[in-house]
Amino acid sequence: MAKKSAENGIYSVSGDEKKGPLIVSGPDGAPAKGDGPAGLGAPGGRLAVPPRETWTRQMDFIMSCVGFAVGLGNVWRFPYLCYKNGGGVFLIPYVLIALVGGIPIFFLEISLGQFMKAGSINVWNICPLFKGLGYASMVIVFYCNTYYIMVLAWGFYYLVKSFTTTLPWATCGHTWNTPDCVEIFRHEDCANASLANLTCDQLADRRSPVIEFWENKVLRLSTGLEVPGALNWEVTLCLLACWVLVYFCVWKGVKSTGKIVYFTATFPYVVLVVLLVRGVLLPGALDGIIYYLKPDWSKLGSPQVWIDAGTQIFFSYAIGLGALTALGSYNRFNNNCYKDAIILALINSGTSFFAGFVVFSILGFMATEQGVHISKVAESGPGLAFIAYPRAVTLMPVAPLWAALFFFMLLLLGLDSQFVGVEGFITGLLDLLPASYYFRFQREISVALCCALCFVIDLSMVTDGGMYVFQLFDYYSASGTTLLWQAFWECVVVAWVYGADRFMDDIACMIGYRPCPWMKWCWSFFTPLVCMGIFIFNIVYYEPLVYNNTYVYPWWGEAMGWAFALSSMLCVPLHLLGCLLRAKGTMAERWQHLTQPIWGLHHLEYRAQDADVRGLTTLTPVSESSKVVVVESVM
């Protein structure tokens, strides 16, 4: 099971590792405290290392990354930002920031996970002093897992309600409608109708059944955050169904997840193509597409355009969440992650651009039918998914079919992003657990506990005041500010503390050649500058959260939001400070010791080829029958 290298005196691991964990030990044999099994543990620690599973096929990894990174933001946020920020002009800052910031960090996270064979926390064994980055990403992805699934619950609810002959949001007269509800959608209907002395413009200010279904039936919206109200049991059951679905997608690990994403990641593209074909055949579709792409060069000098481009890149590429490192950790050590990262980035951005044609062809039709400017119907986020599009399908023949198709696509887009996010969190969590917690059903129980905890927190979002809670999570916990902060430190640590050239050599060891020098330059200079620049702009131009342009959050609600943001951002400095204070020696000695990488077992053969094998002295077989290995570390 272990063989000795004649040249270096170092053993490498081989044989059947599935029969038991691998034991990693320090020279004193003392049990490790706090660090997990992905690397060689804390200096002088003893840890059991469960064998790490890998993707059955490399395409499983590609599909999982596509499913995770290509999500709701590509469909409901990018097209609106493109229209809002000068149409085709928006593509200039978007592409530039993708080249300088998005793609380099996307590649960095995947390659780091593949090289270290660890989840979001233990991947920073490459520089243990900055392991706070791992804790920060775990906090962020936990918040995302908690609130993101609410969109799936709402989409699932709309999907169920679409299986009717008449869509419930198409007409008034329901128990949730008010006397102000008006069913007239088409401008020509408005001109020919008896309006009780109301003009068409005045009628447009009345309540549509689409808005009343969303606010009064689905959300049962209260007056504010301070009025939580009761649970909406229909939406609660949809939420429970979504969590059960997520659990069974994740509970067996990447072997099962890698199969499910073949459907969840590809079928939305089929639906997008069908919706595009339908959309371009509608009257007014061309006008909508022109509004989507029409360049407004004056916007290029606006700082907000660059801020929106940067935050959208980091959102849509799913940077800073730790899930990409978790997915990369299941790759074969020699997988060409460089090629994969480029392909995945192109798919992500291409999907965003393509989705814009789908969305704005339908919004153009909607504006034409209502006789209004497209700015009156163009919306982003939940407003597009649950107000604008449901309103548009009521104007189409066979409306329930198009509604069901759209919400099924929405459900799949969100589902794979959700369960891969949960997978990333679980991977980081299991890597943290010490040897004594390793048992057969460890993953199944951990996933169940995670899903149950998130479901309990989600109950606050299915109350009458739940939308206000959802907006708090969305605006603060995984905001552009937190992701930019995370990305900045990732680049600084890898490029300046560990060493950009050193990491390029590590990548060359995996894929057989050094990537383009552009990646090294970006990690070292361009990307940190871009991240910090947009981060500062976000702080300077910060505006307190307002819901629906009317409800201003109370001071304690805003304080709660900043607590969400700071709970991840402070992980880096607090962990760094704590490590330096606990260590012994001069400050220089502490820094040198705490920035020394902790290598994993899979690095043995690779590191043994170097003249300077840092941190490893011997690898001794302990028990041939139990397939246990002891590695001594001088770190």
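Cβ coordinates come from backbone N, Cα and C, glycine included.
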Decide, relying only on Swiss-Prot, whether T257 and V422 lie on the same side of the membrane.
-> yes
If you check Swiss-Prot, which of S298, S623 turns up marked as phosphoserine?
-> S623
From the list T178, T620, pick out the residue that Swiss-Prot labels phosphothreonine.
-> T620
According to Swiss-Prot, which listed range is region 'Disordered': 1-27, 28-54?
-> 1-27
Cβ contacts the transmembrane segment (61-81)/the transmembrane segment (395-415), at least three under 8 Å, sequence gap 6 or more = yes
So which residues does the transmembrane segment (231-251) touch in its own chain, when a touch means Cβ under 8 Å and the partner is 6 or more beyond its ends?
-> 149-150, 152-154, 156-157, 160, 218-220, 257, 260, 415, 418-419, 422-423, 426, 443-444, 447-448, 451, 454-455, 458-459, 462-464, 466
The correct DSSP tally for the topological domain 'Cytoplasmic' (109-138) reads 23 helix, 0 strand, 7 coil
Report the mean pLDDT of the predicted model across the topological domain 'Extracellular' (82-87), rounded to a whole number.
-> 82
N548 (N-linked glycosylation site) has how many other Cβ neighbours within 10 Å of its own Cβ?
-> 10
Considering the transmembrane segment (561-581), which listed stretch of 88-108, 270-290, 305-325, 395-415, 480-500 counts the most C-beta pairs under 8 Å = 480-500
In the topological domain 'Extracellular' (542-560), how many residues does DSSP call helix, how many strand, and how many coil?
-> 6 helix, 4 strand, 9 coil
Count the residues of the topological domain 'Cytoplasmic' (326-341) that DSSP assigns to helix (H, G, I), to strand (E, B) and to coil, and report the three numbers in that order.
-> 9 helix, 0 strand, 7 coil
When each of 305-325, 395-415, 480-500 is checked against the transmembrane segment (521-541) for Cβ pairs under 8 Å, which one has the most?
-> 480-500
